Amino acid sequence: MPLPTSPPADHTSPGGGSLDAGQDRDKLCRLADSAPVMMAYFDGPRQLCTYANRTFMQGLCDPARSPLGRALADVLQPELVAQLSHVLTGTLQDGQALTLEQPLALRDGQRLWVEVTLTPHLDPQGRRSGVYVLIVDQSRHHAAERALLESEERLSKFLQAGVEGIFFHRDGHIDDANPALCELVGLSLHDLLGRPALMLIAPEHHTRTVRQLDGQQDVTFETSVVHQDGTRIPVEVIDRGTMQHGEPMRMAVVRDIRDRHATQARLHYLVHHDALTGLPNRAAFLAQLDHLMVAARASDTQLALLFIDLDHFKRVNDSVGHTRGDALLKTISQRLCQCVRSTDRIARFGGDEFMVLLPGVRDRDAVVRVAGKLLEAVGAPVTVEGQSISVTPSIGIALYPQDSDTPDVLIKHADAAMHVAKGRGRATFAFFEPAVATTAYDKLMLEGELGHAIIHDEFALLFQPQVRACDGHPVGVEALIRWQHPQRGLLAPNEFIALAEQHRLIVPIGAWVLREAARQARLWHDAGWPLTVAVNLSTLQFQAPDFVASIQSLLAETGLPAGWLELELTERMLMDDVPQVCARLQQLRALGVKLSVDDFGTGYSSLSHLKELPIDTMKIDRSFVQELPHQRESAAIASAIVQLARGLGLSVVAEGVETEAQRAFLVGQGCDHLQGMIISAPLTVPQMQRWLHAQPALVPSPGT
């Protein structure tokens, strides 16, 4: 489309310059066409378009029709005509320029936010003859302004609804604040505006606050603000540079941290106190002990450490439940506190262990009086939920500086003394005595090391041969456990089996013995040495609900024929619950394993019950064998056992045979098998194999 001409030659431009010269007119037209704004000129009275630049025509006009000479309503889109027609009329009437902003739709459907400027055109006589229309795209500016406005509105809403105090300050004075800050300090917004921001801070923190803010762009610090009622409130202040309404300013977020301080105080308390009883815990007690020992050293005084352990407390938990057990512990802790002075220290050291520290004690008698009070207080029954519960304490006592001058050793000695008290029957106290405590401590150490031994495979089996009494042919072995202690060397069963039973470790230990014995017996069986392997059982092991199933699994796992495994039980085990024991023995017999009564003659088995039990073998205890043949009573008992076994159809093994005279007597009485040092000492697997190679050809044992 050709460019329209400019306004008539006798008209002037909005700036008053002449447009008569054609050359100047062309330059102005080219300049107008290159401008990114829309320009047009409309005749005043008739509202006819006499000029429009390229941008105007491309944006608003139908490309098929020139706008020149056409009425405004015909040139522009109806929407724009409706928006401008009354404005154009008014502009022409009063001769004043007018600028307005409004949306505008281009002919391609794009919508813009534009600034429209309407400027009257005056003829040389000052008459209004037309109007210049200038349309500038302000979409980006408008969008930015709108976004800024919306952002400020959102910020305002956020500040008003925020739970944290926020205020703006300029040059150290408050310019604005939200309701949360007003509530925090108990003042209205009117009271705050224009006031120094420092007025919010507690006076004792003014200097530090000024120092923290000085020259800092962004800063976070803790301080205290003062409420109108004088209350000091701990707060965290986050002060940042920002802009508000286009001007630089600082914004401070004031966060109430009373809950945080309370939580920190609670955490600090829990770190140093037992949650159940409220007493100082182990960590706090160790710090107290160290501090009081230093003080005692400085003042040349002594102190007493009492280590309290509740006897059989696990049984209490098992019988009445952990909830009542916890209630019992709380009551006991309260009673302990009532027995001592305000200067004494009490702590819960572990599950059912307590520590009492008595600084400045004069002599042992004073400690004895306190220990007596503690025994009485703790031992008194406690009623929990209508149920009376009783528990006794064992107390070990160590004195500073007599027993030790270091905290760790003093605790160790008090612990050892406590175990001495338990060894004396419990419900008593004992002072640390080096000789006695050493034995107790060694026992204590073994208790702790037993579990380690199971995990780290520190046990070993020795095997003691059993032979036929008549010809000395090997028929079996008894598996005997040893503990290969890393520091104490090889330990015999009497040094640790009782401890294992006491702490219920005998079950996993016994399972290990059975597994290793069966595995080795199978290896010997495959090598042509068909030896029956005898294994001692403990009461706990035999009474385990899954014991029979475990034997069945063991035989399947190792592939050992059941007839080559013999389980040894004591008389006491057989008599505990005869019907139940008999039923279990029948189950084991059904698997095919052999059953024997160990140490026969030392218990109290009833002969009427004995004949009902499905056993295969009796073992004469070594206590009778060692006095043969000269001790008449032992000889009579040994002879009677052999005859009883013959009558019941059982075989007999004599253990502990050490002399030729003992062997001859037992063979003469008809004893079936012999075991003891005269045959062989307990042997390792390699030693056992060398021993077997040295024996006459083996034959299967009877019944296999």
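All positions are counted from 1 along the displayed chain.
Any Cβ shown, glycine's included, is placed from N, Cα and C.
Just so you know, TrEMBL annotations are computer predictions that nobody has curated.
Per TrEMBL, the features are:
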- 98-150: domain 'PAC' (DOMAIN)
- 151-214: domain 'PAS' (DOMAIN)
- 301-434: domain 'GGDEF' (DOMAIN)
- 443-696: domain 'EAL' (DOMAIN)
- 1-23: region 'Disordered' (REGION)
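Across the domain 'PAC' (98-150), the DSSP tally of helix, strand and coil residues reads 12 helix, 30 strand, 11 coil. Under DSSP, the residues of the domain 'PAS' (151-214) split into helix, strand and coil as follows: 37 helix, 13 strand, 14 coil. With DSSP classes pooled into helix, strand and coil, the tally for the domain 'GGDEF' (301-434) is 59 helix, 39 strand, 36 coil. Looking only at the domain 'PAS' (151-214), the predicted model's pLDDT averages out at 83.
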